[in-house]
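Undergrad: One structure coming up, written as structure tokens, with questions to follow.
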Amino acid sequence: MQLVSFALAFVLLFGLCWCQHVQPCTESQNYFITTTTGSLGCDSYEGDIVTQWLIELDDNTKKVHLVFTSFETEAEYDTVSIYNGNSVNSRLIGSYSGSLVPGPFVSSANSLLIIFESDDNTEGAGFSAEWNTFGASSPCFNSMVTQLTGAEGNFGCDGYADSLYSSWHIIGDIGERLVLTFDTFSTQPNADFIRVYDGSSDNANLIAEASGYDLPPPVTASSNELYVRFVSDAQTTDSGFHASWEGLVEYSDPCFNSTNLVLVLPEGYLGCPYGYGNNVETSWLIYIRGDFKVHLDFFSISTEEGRDTISLYDGNSTDASLVGVYSGTERPPPFLSSTNSVLLVLNTDSQDTGNGFTATYHQLQVVSEVGCTESGVFTMAEPEGTIGCDGYSSGIRLEWNIESDDPNQVISLSFESFSCEGDLDYLYIFEGNHLLATYTGRDSIPEDVISSSSSLTVRFITQTDSLADDGFFAYYQMIARVEEPVDCMTSHDFELTDFSGDLGCPGYGNNVNVTWAINIEPSFIVKLDFTSFGTQSIFDVVTIYNGNSAAAEVLGSFAGRSTPPTQLSTSNSMFITFVTNESVAKTGFTASYTSIFSGTDTVQCDSSVGLALADLSGSIGCDGYAPNIDSYWMMTAVEGGIVELNFVSFDTEEEYDVVTVRDGSNSNAPLLGSFSGNIIPPPLRSSGNKMHVSFSSDSSTELSGFEAHYNSIANNNTDVIPRCTQSEHYELSEPRGQFGCDGYGNGVDSTWIISLQPGQQITLTVIRFDTEELYDYVKVYDGELARSPLLITISGHHTPPPITSTGSSLFITFHSDSSGTYGGFIFEYEAFVKEDNSCSVDDSHVLTDPFGSFGCDGYADNVEVSWLIQTPGYILLQFERFETESNEDLLTVYNGSDANAEVLAVFSGNSAHAVSSTEGAMYIVFTSDSSVTLHGFQCNYASISIVY
């Protein structure tokens, strides 16, 4: 049955109005609805019918929000189709059948068309839906930027439109830091995204990104501003999200102000990694809900001996058993609580302080509230967990049933300890009714076990006349099934040439050496993803090489229980080795690989690609591009060289189609710059021999694209950055240089002092930064000593903006704790003498760089200052600030090289807009009268490419 494409004909032909409630659908009908809310659907239906509902609102500024509350139709045969408009000629949002509830859905205009069609066979229970309407001014249904202010508040979307690009700029109270918390979250996975930026726009650091149905963790800003962007694609939408923010006083750090904190997550970290203050009494209560114990590990401690103390209690208050009081630098031993609570209290005096302390904790499952003292049966359905008895009584029978709902998974069981009375107390492992293994005694730890199905049963039986012993502890994982297991009981060499495939060892023998050589078609690179991992720590090692043999560059070596990150080759070959020793064998590992196309030179960017470029020089870019592109290029220079990138043309949609350049081989490397619009970016150089360039476009406007040339050049920097394996002190006095740690060891405390000539200042730039988050950190002080004002503390993988001293000295410290180490950091510094921008006397300037800045930091009476800008392209002039005496102190902008050219603009007062020339010259003159003077102005200019 054909639906006429306009509402009046619909009414004339079919003449029915929906009665606003769900009823049985016994025959074909057509309904025309204009009300702003209501319900529709079929409370059961018969075969061979076609029923249609057209919701078309009288107010064309409104949109329709449709939510299904139930859904049960014959799968594939009885379908509900939803059109984004008032006819079947409108865009089809989707067709749905079966028992999965679809939606919700939002129209892009004031109408939605819903059509239900059943075949002539099975009838079903039907479906029901509700609709309401929203104004077009909502940021959830129209792309816009909304400003929110205050110390606290909330926002969100109860449903949202497709093709949305909305933002919320949140401004809290000055002197506070904002914390953003999500209360609900439901967006289309990998399609509709929330992105949170640490500042006033999307040019700030991206600190969180979320998509799907998992509730994101809280996000904390470094200041009183956050910028939240919500982007949806052109397909299905979902029920949206709700979030709230609150301001925290910046100095309410629990290490500097007495605070009581409660930690309820199953694992986490705590402590004072950046030091602590005087007269502080702060407590951390770890409280895990359920039958769990708390395992606490101290990573570091450095407090004033005997004066600044950490007290540890085995319970939830200071009335609980005191485990110990710790101070100084001797690290406390690991601790396992007897209940589900642990309390730490930091007490400091009014004298000296130390470097602080760090600790981590995680939950351990308890068999029962009183331990393994009575029989019981337990079902373990989590993807991973622990089982066991921390001691046990005689005459008990315990059973753990580990069961996965996914038939494509198997169970991996790994023992950490085992000690029971031999020949009396037994541990049995069953798969169904089949006995896999039996263990007793205390001489050795059992071998790992892998089931062949999705369930495993562990049974522990002690005799009535046996003696109690230490018991056992085991860790289980639900891992993907490998359909064709590889024989890793002996050494093998495998050749893999398919476009994609699987590899690994689900179980392995001792003293084996297994290799996989992946060689795919030229113009492709190899991407390797691990799906499970469990080898003997330190001794049974997987190594990945960036080439076709073990002589190639090592991408990474891995052992233990942590799943390695994704590995990416730079050519069409990858070589993997697995080498084991003569002792314990664990569960092994599984991985899959895929091929990614790589190439060179600019192309029409019609689809997303990932390109690893083998040539040492060439061109990259998009000679035009399609919507929703997400592409990248990875360039590699010669060993010891660097990559230089020069843009020759640039034309993308401002803010929405973005080129991002990073100083390394992937999207997690330090940011060199993000660019959009039509201003040619400045030349860029990597600090090492790799550079990563990505381009993403949204779903709307497409422009001419961009082109850039890259080259491998020698690194003329003669500074050699050492690996920091021990504490050192360095003094730097040259006007420019580099320093840092190209990798580092544990327990390092190194310092650098930069001391230059009086009258000079220092700009300190982070070239790359990669340390253990919170525990390994750099501090920069504005002076010659650690008691000088602290400018910044840096830790993790964040690259802050350049740091500027107020005088001629900087003092930098680096501390690493006793655990993990990372890639290190490199700083670059340069001396400068601040320009006199006071505009106190008549002056003239000529500017020839393709981009720059100038202005008057205040000005005198009766001055005339001019600037002549000469560049190859058009000139765009933008103002950061402007304040002159209105109508008296004037800034005049000419479209040419002198005051005889056309006047583009004359500014005075408190505002000035952007100005663009039509040629490669712009002349700017500032004149003041003999009376009032104000703060002046500051502006930036850039050369704009001419795109034909």
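Note that Cβ sites are derived from N, Cα and C of the backbone, with glycine treated the same way.
According to TrEMBL, the protein carries these features:
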type	residues	note
DOMAIN	25-134	domain 'CUB'
DOMAIN	140-248	domain 'CUB'
DOMAIN	255-364	domain 'CUB'
DOMAIN	372-479	domain 'CUB'
DOMAIN	488-596	domain 'CUB'
DOMAIN	605-713	domain 'CUB'
DOMAIN	724-832	domain 'CUB'
DOMAIN	839-944	domain 'CUB'
SIGNAL	1-19	signal peptide
Undergrad: Could you check whether the domain 'CUB' (724-832) packs against the domain 'CUB' (255-364) - three or more CB pairs closer than 8 Å, residues at least 6 apart in sequence?
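TA: Yes, the domain 'CUB' (724-832) contacts the domain 'CUB' (255-364).
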Undergrad: Give me the DSSP three-state residue breakdown of the domain 'CUB' (839-944), ordered helix, strand, coil.
TA: 0 helix, 57 strand, 49 coil
Undergrad: Looking only at the domain 'CUB' (724-832), how are its residues distributed among DSSP helix, strand and coil?
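TA: The counts are 0 helix, 59 strand, 50 coil.
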Undergrad: Taking only the residues in the domain 'CUB' (488-596), give me the average pLDDT of this model.
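TA: Mean pLDDT, the domain 'CUB' (488-596): 84.
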Undergrad: Could you break down the residues of the domain 'CUB' (488-596) into DSSP helix, strand and coil, giving a count for each?
TA: 0 helix, 56 strand, 53 coil
